[in-house]
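Reading through the structure tokens given below for one structure.
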Amino acid sequence: MAAEIRLFTCLNDNFGYLIHDPATGATASVDAPEAAPIIAALAREGWTLTDILVTHHHGDHVGGVAELKQKYRCRVVAPHDRNGRIPEVDLRVAQGDVVKVGGLLARVLETPGHTLDHLAYVFDDDKAVFAGDTLFSIGCGRVFEGTYPMMWDSLLKLRVLPDDMRLYCGHEYTAANVKFALGVEPDNPALQARAAQVTALRAAGQPTIPTLLGEEKAANVFLRADEPSVAASVRLKGADPVAVFTELRERKNKS
């Protein structure tokens, strides 16, 4: 049976996610920005939390872990954070590991850059990737702990996933990302189409997530740093993709 995924808002602009296996009743929360919205979403669905899949240690992704662990006695799956910033961890995972949520299988990708410990969880059978703060719709995360080459390599790991894979990211940043991207590629038809879609969704009070990776590959300038047209738009014609990505990210930091 196909996984059931529920999306809701946490904190200010974080997304909360539940992924449920109807065959076994297992339910995972991807990250736990705060406990209350997750508890409410579980109650609405009549589900019980069995797992928390942590993408990285930032407080707006793990702030609800301890309370949820106490309430549900759920398993906490997390990266190898050497500084102990993720509470209540039961299972540490790394690149290539597979996590079971009931009968659902999540393949672990290490995607460092935003933080050194960052992970993405890929549910191949269900065509869903939970990318945390590495890849956003029409954007990417800031590089806080890693390096720009590291972040570019992480984006490439996500870019090779199938076009029909649904992207679930950590924040609702799409409108701001679109505004920046249009300044880089104003004539990109895929970006123009996504911009119109985002405007309509936000006007209706709807989330802009999930999006398809195929759409991101066509419209997300950060995934397109190795495209000659993108390099030319930032006056780096012929430059290495890492240099182009670095310039894009530095510009976005200042926007």
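If you go along the chain as it appears here, the first residue is 1 and each next one adds 1.
Glycine is no exception: its Cβ is also placed from the backbone N, Cα and C atoms.
Per Swiss-Prot, Zn(2+) 1 binding site is recorded for His56, His58, His114, Asp133, and the stated evidence type is sequence analysis. Annotated Zn(2+) 2 binding site per Swiss-Prot: Asp60, His61, Asp133, His171, in sequence order.
Under DSSP, His61 (Zn(2+) 2 binding site) is assigned to a helix (H, G or I) in the three-state scheme. Within 10 Å (C-alpha to C-alpha) of His171 (Zn(2+) 2 binding site) lie the following binding-site residues from His56, His58, His114, Asp133: Asp133. For the binding-site residues shown (Asp60, Asp133), fewest C-beta neighbours within 10 angstroms: Asp60.
Sequence-ordered, the extra residues of this chain that approach the Zn(2+) 1 site, with Cβ no more than 8 Å from the Cβ center of His56, His58, His114, Asp133, are Thr55, His57, His61, Thr115, His118, Gly132, Thr134, Gly141, Phe144, Gly170. For the pair His61 (Zn(2+) 2 binding site) and Asp133 (Zn(2+) 1 binding site), the Cα-Cα distance reads 9 Å. In this view, His171 (Zn(2+) 2 binding site) is surrounded by 23 other Cβ atoms within 10 Å of its Cβ, with every protein chain counted. The most densely surrounded of the binding-site residues His56, His58 is His56 (count of other Cβ atoms within 10 A of its Cβ). Surrounding the centroid of the Cβ atoms of Asp60, His61, Asp133, His171, where the record places Zn(2+) 2, the chain contributes additional residues within 8 Å, namely Asn14, Asp31, Pro33, Thr55, His56, His58, Gly132, Gly170. Sequence-distant contacts of His114 (Zn(2+) 1 binding site), defined as residues of its own chain at least six apart whose C-beta falls under 8 angstroms from its C-beta, comprise His56, Gly132, Asp133, Thr134, Gly141, Arg142, Val143, Phe144, Glu145, Gly146, Met151.
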